[in-house]
Amino acid sequence: MSQIGINDGASQQPAGTTLGGVAARLGKVAVLMGGASAEREVSLMSGQGVLQALISQGVDAHAFDPAERDLAELKVEGFSHCFIALHGRFGEDGTVQGALELLGIPYTGSGVMASSIAIDKVMTKRIWRSEGLPTPEWRQVDSAAATSEAFAALGSPMIVKPDREGSTIGLTKVTQIEQCGAAYALAARHDAMVLCEQFVKGDEVTIPLLGSGAGAHALPVIRIVAPDGNYDYQNKYFTDTTQYLVPANLPAGEEAHIQQLALKAYQVLGCRGWARVDVMIDARTRAPFLLEINTSPGMTPHSLVPMAAKAAGVSYPALCLEVLRHATLDYAAAGGDAQQPSTEPA
């Protein structure tokens, strides 16, 4: 399942041949970074990494912060493609994707509908459940009292988090009913919709995915070992104490099964281009449970998609170019025909 199908242009292609052709076809590229979400700081780190990687591959790439500039300027300034390195709301929730559809500028990652569904954890879980895919039990709550009721139903520990945030922002692991009020208040500061989810004790893994349709495939599974099991915002991005194990050293046959599960989770939501699926493996039964999907994954020095790609022999610059090569639109600006990614190797 971890076949790649990417040429590492940085090491395999002579200057001025295939890479030059790809860069010329892509034209002027905007790397969208920053934005107005709670994940702005991480987005800026991702965007700067992507920007420098694309430039190193000969792409005419430029930084563009939608929090500081109007998206309409993309058309005025002649940008022909966008690499979306935005995270969270107003970046990976379908809003920017919809604007780029109207502007007729192909962009990386999932389209409008898949993006808007995937950022909504409750809606995502409902779809996965309807498709027979395993995900932890949950309750959607709108008050501290409802959070306490969810705790009584789901048991301890319970995860309380905003429905439409990422990077563990606003998340609390609740072990006593007295913590429910504060946990709800923290999550509700970030979103009016709050999710209470049954905690699964076991191995935390993540599975990056690349490609679209029948060409989509999983990269190697990464197992995450955080200090005291606390994979929070700080441990994700700003410390070196979290261990990332790739190969994940899972029992025989388990990695392939989890890759297939992640691929199915990606496909039933209609995702394309790339994403990352987070999974918990029950310590007792070894059953995997889908947690959530990220349709605009981080590309920082601590990020997981570049880590999995590297384990598969793909450099960071080649990964960025491959993601950009799949930039497309739901519908063309005129005529209504869906644009397809180039079949030219990156």
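Backbone N, Cα and C define each Cβ position, glycine as well.
Summarised as a single figure, the pLDDT of the domain 'ATP-grasp' (125-325) averages 93. For 125-325, the entry in Swiss-Prot reads domain 'ATP-grasp', with the evidence type sequence analysis.
Within 10 Å of the C-beta of Met158 (ATP binding site) we count 27 further C-beta atoms, all protein chains included. In the three-state DSSP scheme, Met158 (ATP binding site) falls into the strand class. If you look up Swiss-Prot, you'll see 151-206 marked as ATP binding site, on the strength of sequence analysis.
Swiss-Prot lists Asp278, Glu292 with the feature Mg(2+) 1 binding site. Its Cβ taken as reference, Asp278 (Mg(2+) 1 binding site) is surrounded by 19 other Cβ atoms within 10 Å in the chains shown. Following the DSSP three-state reduction, the secondary structure of Asp278 (Mg(2+) 1 binding site) is strand.
Among the features that Swiss-Prot reports, Mg(2+) 2 binding site is placed at Glu292, Asn294, with the record citing sequence analysis. For the recorded site, Asn294 (Mg(2+) 2 binding site), the DSSP three-state label reads strand. Using a 10 Å radius centred on the Cβ of Asn294 (Mg(2+) 2 binding site) and all shown protein chains, the other Cβ atoms total 23.
The Cβ of Gln179 (ATP binding site) has Thr172 as same-chain neighbours under 8 Å, each 6 or more residues away in sequence. Annotation: Asn294 are the binding-site residues among Phe151, Leu186, Met193, Val200, Asn294 whose CA atoms are within 10 angstroms of the CA of Asp278 (Mg(2+) 1 binding site).
Counting other Cβ atoms within 10 Å of each Cβ, the lowest count among the binding-site residues Phe151, Leu186, Val200, Glu292 belongs to Leu186. Between the C-alpha atoms of Met158 (ATP binding site) and Asn294 (Mg(2+) 2 binding site), the distance comes to 21 Å. Cβ packing within 10 Å was compared across the binding-site residues Glu165, Thr172, Met193, and the lowest neighbour count falls to Met193. Cα of Asn294 (Mg(2+) 2 binding site) to Cα of Phe151 (ATP binding site): a distance of 26 Å. Across the fold, the C-alpha of Val200 (ATP binding site) and the C-alpha of Glu292 (Mg(2+) 1 binding site) stand 13 Å from each other.
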